[in-house]
Amino acid sequence: MTQEVLERSIQVGGRTMTFQTGKIGKQAGGAIFCRYGDTVVSAFATGSAQPREGIDFFPLTVEFEERLYAAGKIPGGFIKREGRPSEKAILSARLIDRPIRPLFPEGYRNDVQVVAQVMSVDQDCASDITGINAASAALTISNVPFEGPVAAVTVGLIGDEFIINPTVEQSEKSVMHLTVAGTKDAVMMVEAGAQEVPEAQMLEAIMFGHREIQRIAEFIENYRLEALERNLAKPKQEVVMKQMPEEIVQAVKAFAYDKMDQAVRTEEKKAREEAIRQVKEEALAHFAEQYPEDSKTIDKILEDFVHKIVRRLITVEHIRPDGRALDEIRPISVEVGILPRTHGTGLFTRGQTQVLTVATLGAVGDEQILDGLGLEESKRYMHHYNFPPYSVGETRPMRGPGRREIGHGALAERALLPVIPDENDFPYTIRLVSEVLESNGSSSMASVCGSTLSLMDAGVPVKSPVAGIAMGLISEENHIAILSDIQGMEDHDGDMDFKVAGTSQGVTALQMDIKIKGVSREILERALTQAKEGRLFILDKMLSVIEKPRPELSPFAPRIITASIHPDKIREVIGPGGKTIKKIIDETGVKIDIEDDGRVFISAVDGEAGENALKIIQALTQEVEVGRIYNGRVTRIMDFGAFVEVIPGVLGLSGKEGLVHISQLAHGRVEKVEDVVKLGDDILVKATGIDKQGRLNLSRKEALPNPNPSSNPNPNGITANRNPRNS
């Protein structure tokens with residue numbers, strides 16, 4: 001049987017991206033085998049035949065499956081198979097979800113599942129970018145009514161040059177890591193981390209990426225047309241939208257629209273929610289007898305009224321639900337140092353959004369080890385975001401962090417990363433935890449502000465303070481409104497959530513999600529400009545409370561002492577089976593981390609304990625210098641000489657000793673060793689050399705003054721200090 005396969009390629013960033021269909025996954029709605037360099041991602045898109053009943057949302061799920069065989073690895077542990085998705089996989093799934101979600105028909109309620117499976121990894125060709133393009137192509141050739149295609153690229157910036165899909169080496173030099181996704185017509189999604197890049201340059205980078213996206217999107221569209229000709233793509237599913245009965249719509253509108261309009265204008269969130277709830281209850285009770293089977297329909301009509309009223313108020317009347325101007329920021333309250341024994345705290349309140357961020361400083365060994373499909377790395381700065389149900393007045397089971405929490409934590413982490421001090425200047429592991437205590441929108445950006453406050457309160461020498469703001473967009477007919485510091489209702493009923501974080505000098509992080517079919521350059525430019533104004537306002541509020549990092553660390557934070565030893569001496573500090581280093585830790589109560597290059601990090605809450613540990617390590621690794629005179633102690637007497645310890649032992653371990661041959665004890669002839677020295681004597685000796693076996697040779701004779709028979713009654717120098725030396 002002949003197998004029909006369609007394979008086409010396009011050059012992206014100087015490398016070949018190949019799309020293939022017809023060979024694998026033929027029972028899926030659409031299947032694409034995508035190779036970019038040596039990275040291979042297979043994407044499968046499948047939709048259900050019928051809509052899911054009784055829901056008011058689009059049931060789209062996106063899975064990003066990492067297989068360790070893709071990197072030539074076997075999973076650890078007893079089970080030896082992949083478990084829960086990694087944080088990287090969750091963030092990659094979100095990257096795919098966000099640009100494709102707005103491109104399904106409004107009101108479409110069929111289940112759709114997109115699975116991107118990483119099968120081979122080339123570190124220079126990112127699997128998440130490959131996954132977005134593969135998923136878009138799979139949806140485009142499937143029967144799912146997807147209004148794409150979309151495409152995605154990463155943009156780097158080295159000097160003044162933008163680079164599409166930079167390699168690992170280029171990424172290390174780049175001051176920007178920007179992911180852009182979009183259609184041929186508009187930008188759909190932006191995700192960025194940057195080193196204080198100016199807004200104008202960030203905008204140019206987005207548009208530079210979009211020009212490459214247009215080329216890839218057109219390629220995918222042409223690929224679909226060719227696949228259709230060969231029966232390798234499927235006709236799109238016909239979408240039948242459930243229409244609201246016009247009679248009920250008009251009846252509900254006549255009874256409830258004006259009441260709902262007044263309810264929406266209530267400024268305080270909880271009072272507004274209660275007012276809207278009362279209008280709904282009143283309407284449902286009023287129509288219970290007339291339309292007894294249509295309570296869900298009536299509830300949906302009322303929700304649509306809220307949506308339309310919010311949008312009309314903002315775009316036509318320029319009135320926001322809480323009464324603010326379009327560019328006005330909610331009242332801000334800032335506090336630091338509110339927890340007594342933590343290392344640093346920042347409480348940031350903006351309107352009805354409140355976040356407490358706590359900073360904890362740890363030893364080098366507290367770094368997070370990342371061992372996924374990429375190279376094994378460690379992370380010394382991390383941010384974790386928690387969004388409990390009580391923050392929005394709800395109850396639900398509290399389990400582990402969800403995708404949203406992981407995504408928000410990663411965004412806030414990325415925003416502060418450029419201002420975290422270098423390890424050489426501040427050798428601490430830093431963990432931030434943001435607890436959302438109250439939320440009415442923009443909690444991730446409040447976490448950014450809280451992070452800056454907690455770091456400065458902890459005495460971390462951040463390079464610049466960072467603040468964040470969430471911008472919104474409502475586009476209604478010929479009216480466009482860009483909102484600063486959006487709250488929950490504006491996010492829910494708006495068209496864009498554009499989060500911007502940065503310093504006074506430039507942007508450090510961006511994230512844009514939209515619900516419409518894209519945004520133009522003009523809108524992006526206006527949003528970035530307005531966001532900068534808001535960010536500078538917020539920074540002023542923060543700096544009025546804590547202007548710069550505290551000069552001293554918290555008394556409860558560990559003190560880290562750094563030292564450097566020769567790499568060959570590492571084994572002497574560690575000892576057989578780790579015995580020596582365990583003794584040091586038990587004796588002093590410190591934490592010790594040793595890098596392969598010989599850097600030693602001693603972490604101790606008690607500074608004296610850290611100094612004691614350092615002295616022990618210095619004693620263990622101290623080298624005997626040939627030619628130097630030492631005050632040593634006689635440890636053994638032999639017929640042929642005396643063994644002398646020149647560097648004392650520590651922790652019950654032997655020190656460094658060498659042999660003073662009998663011929664080197666004195667200037668004259670010595671018949672018997674005991675005539676010159678006794679066990680336990682402290683004597684001056686000179687290190688004269690180290691033989692091929694690593695044995696140390698010492699000489700007492702060379703440490704003595706030159707003999708002068710006329711003035712020295714004891715030319716053999718047969719004297720010794722019988723007093724025990726200080727050890």
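Residue numbers in this text run from 1 along the chain shown.
Glycine too: its Cβ is placed from the backbone N, Cα and C atoms.
According to Swiss-Prot, the Mg(2+) binding site annotation covers Asp491, Asp497. Feature annotation from Swiss-Prot assigns domain 'KH' to 558-617. Marked as domain 'S1 motif' by Swiss-Prot: 627-701. The annotation region 'Disordered' is assigned in Swiss-Prot to 698-727. According to Swiss-Prot, the feature compositional bias 'Polar residues' maps to 717-727.
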| query | Asp491, Asp497: which of these binding-site residues has the sparsest Cβ neighbourhood within 10 Å? | reply | Asp491
| task | Please work out the helix, strand and coil residue numbers for the domain 'S1 motif' (627-701) from the DSSP assignment. | result | 7 helix, 36 strand, 32 coil
| note | By a three-class reduction of DSSP, Asp497 (Mg(2+) binding site) is assigned strand
| field | DSSP-derived class (H/G/I helix, E/B strand, else coil) of Asp491 (Mg(2+) binding site) | value | helix
